[in-house]
């Protein structure tokens, strides 16, 4: 039998002097070790503590370890050879159960080999040795290895060949000299690796996608030399849950630095040099729950920083350089439960900054400078309805107002330690449910306002946990408030400053000077000082004047006045201003005065005059600046009634400062005004929109059939912009104008009095403007009597000519004489009145570049000149300049050129003695054609006029029988009008009309029936005539002029 282990014999020897119970325990231990002793497998240098074979700290020479070469106890699964100064290992072990080997704190330079147990080993710890590299061959025999700890060696790099393919789960390479990580160095471990520790190395850069470890859950890179983390650095770590990068000196995290870490819950970045928090580097961290960033240099939190990590439950930003918490600092963190902002430099907390933290339970604001949040009753903590713990120690708080903790209904623990609190208003803690209060101050002002605190501390059982004593009045100085009698809390004076004059809110224009005044009084001689704040931030380098004087108010009082002067205010000066008056006994805060800086609007873009075709898109630009930003609105012709708006053709693009009118129509033409308005004032800019339209027929052209001797009225109602010029031709040739031909409404009506057979034929109405020309045909059929057959005329019409039909109507001699007299009166009146008829003045018309002018060979409009001008059809117009100090008015209301001889004399001799005055004007926007025609009829030489009863002015439609006024298809030529109806059939219908319908069509006006003879001076020399032939003038006559009133009004309207 093998000898028993030395330990067992020693226990037996020591047990001889022990009691029965001790000997029994020793015997049990000996029996437990007996199987191992019997097997002879526990070597002398080691201790068997099943399942551990502890051979650590023996410090034996190498030959002493040969005893381990034999079989090991069967129950041994762990072997510890740490702290033995082993430099190599050449011994092979015999064990089927060995799984863990520790050889820490030795001097090994290579990976040891243990012989038979090596393939079964799952844990190998070689901490603090001298291994310089990782050799894949050494690990090929460790087929079952799951945990490898090589920390504190001298490994300098990890190569792609460092590890063989193995099922390693835990790898610790911390505290080495690793500076290089080759791409793909961990690829052979990608199927199993869960934990990697690379702390305390010399890694300065992490190559992108170096960690292709889809199962890795924990990665530590603490205490390296990483300064910049590039985007996509950690891509491939799909399962990572925790990343620790403390103490690296990281100064920049680029956008997408942690992209791909979709399952990460914990990120530790303490003790680095980060200066801000923004959503760029937080992108992709949607499952993040804990973020630790203390001990950095963070100065700012971007408004949308937490957009991609809204599951945060704990955020540590302590020991940074935050000076302000803006309103949007914590937007999106509705699940946050713990927030640590301690040991920063916070002096400004925006109103409502915590309103998004509805689930916050712990808020640590220790060692900042936010005394005003408690003293100014700003309700800075509103919205924290779940907060249970609030730490405010070390914030220089001097007073606690009644509204300081409004909104903290769930607050249970409040720490106000290390604040020299002097006053606490009554009911300051009434909104809370405090169970713990930490308060330590010896600066209390024990006056009547503090009497309530004593009883409140006792009632809530806080008198044992607080240390509060009085500093004033002097006879109570140093006494605990718990020992002061209630009758000693009196108010004999007002030591703390009291604000008497608050600064007032002001609205000022940009560039003016603004003055804000604040006045406080105190009964103490303690010096007072004032600081001004803008939006809760202290103002430096501003112009402040302070005045102090004594005044009598319930005794002597010190009055302190502070004046803040702001010169040439700008928009950056807008905000809420407040003065804070402080003396030895505390501070008082004035009301906040709002300064608003306005600026009158000024145009950046003004609309330009625009000329455009119908159907196109009109685009008017208008933009203005001012403060506040002016509102842009549009008017048309001084009103807001837009035809385009009613028809949903108007579009306003606020972002582009553009006003669109789609599918422009004639009714859109006018003056458009861009109005820029804000509370400081308004201004407007005008632009003229001119709409160009090709000539068109407003009413369809209709053929005419009249009885010989009747009056024929041919209508050519034209539309277009600018208003088109009209010319008439007959049978594709010039129209020979006689004393029976009259033109009205700018040649839109051709009136033939006492129609004869020679007047029958094809009349062409040719209208043209700057955009084009349009023509239409009217066929006039003159029949000899209403009962005559018109078949012959039909045949002549088909040959494109007119055949004289009918017989000469014998007119009574008296009617002929009457007709002659009326004709003389008409000529006399027209010459005397010398009505102003003009062509539309196109001098100032702005045309698109693609429209050449028909008045000038150079493509531009020609200046109107004195003399004669030829139209496109070959007719003539005599253009007269202003004379006798009078200016002729055009259709647009401005000055225009007077037309003496119009196109009615096509191809005629313009110097002929038979040349007659022919009115020429354009129709205005109102349709005055009906009125103009009725007025003009009084000038027609027809003896039957004298016997017609007086009547009012008739409309133009009265000249046309009702059957002819029916709307018809718009005819462009005569062939279209007569395509389906033979001329013989139509002529037969026309011939049925009685001869006396002429009077019914004319609709005559009343006039004087006294005969008027032509004066001998009617014919005289006209100096403006270019021909030596005498020109005929019309002079005034003595009969009733009321008959011409309608046509005069119509002329002025054009």
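Residue positions begin at 1 at the first shown residue.
Yeah, the Cβs are placed from backbone N, Cα and C, and that goes for glycine too.
Here Swiss-Prot flags 40-74 as domain 'LRRNT'.
Swiss-Prot lists 75-96 with the feature repeat 'LRR 1'. Averaged over the repeat 'LRR 1' (75-96), the predicted model reaches a pLDDT of 87.
For 144-165, the entry in Swiss-Prot reads repeat 'LRR 4'.
Positions annotated as repeat 'LRR 6' by Swiss-Prot: 192-213.
Per Swiss-Prot, the feature repeat 'LRR 14' maps to 386-407. With a threshold of 8 Å between CB atoms, the same-chain residues lying at least 6 positions outside the repeat 'LRR 14' (386-407) that come near it are 342, 358-371, 373-377, 379, 413-429, 431-432, 438, 443, 496, 586-587.
All protein chains shown were included, and the count of other CB atoms within 10 Å of the CB of residue 518 (disulfide bond) stands at 26. The disulfide bond annotation in Swiss-Prot covers 518-579 (among others) and is backed by sequence analysis.
Swiss-Prot lists 622-674 (among others) with the feature disulfide bond, giving sequence analysis as the kind of evidence. The Cβ of residue 622 (disulfide bond) lies under 8 Å from the Cβ of 603, 605, 606, 607, 632, 634, 657, 659, 674, 676, 685, each on the same chain and at least six residues away in sequence. Residue 622 (disulfide bond) falls within neither a helix nor a strand when secondary structure is assigned with DSSP, and so counts as coil.
What Swiss-Prot records for 695-784 is domain 'Ig-like C2-type 3'.
Less than 8 angstroms from the CB of residue 716 (disulfide bond) sit 697, 701, 726, 728, 747, 748, 749, 750, 765, 767, 776, 778, each of them six or more residues away in the same chain. What Swiss-Prot lists as disulfide bond is 716-765 (among others), and the listing cites sequence analysis.
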Cβ neighbour count within 10 Å, max among the disulfide-bonded residues 579, 765, goes to 579
Tell me whether residue 518 (disulfide bond) sits in a helix, a strand or coil according to DSSP. strand
In the repeat 'LRR 4' (144-165), how many residues does DSSP assign to helix, to strand and to coil? 0 helix, 5 strand, 17 coil
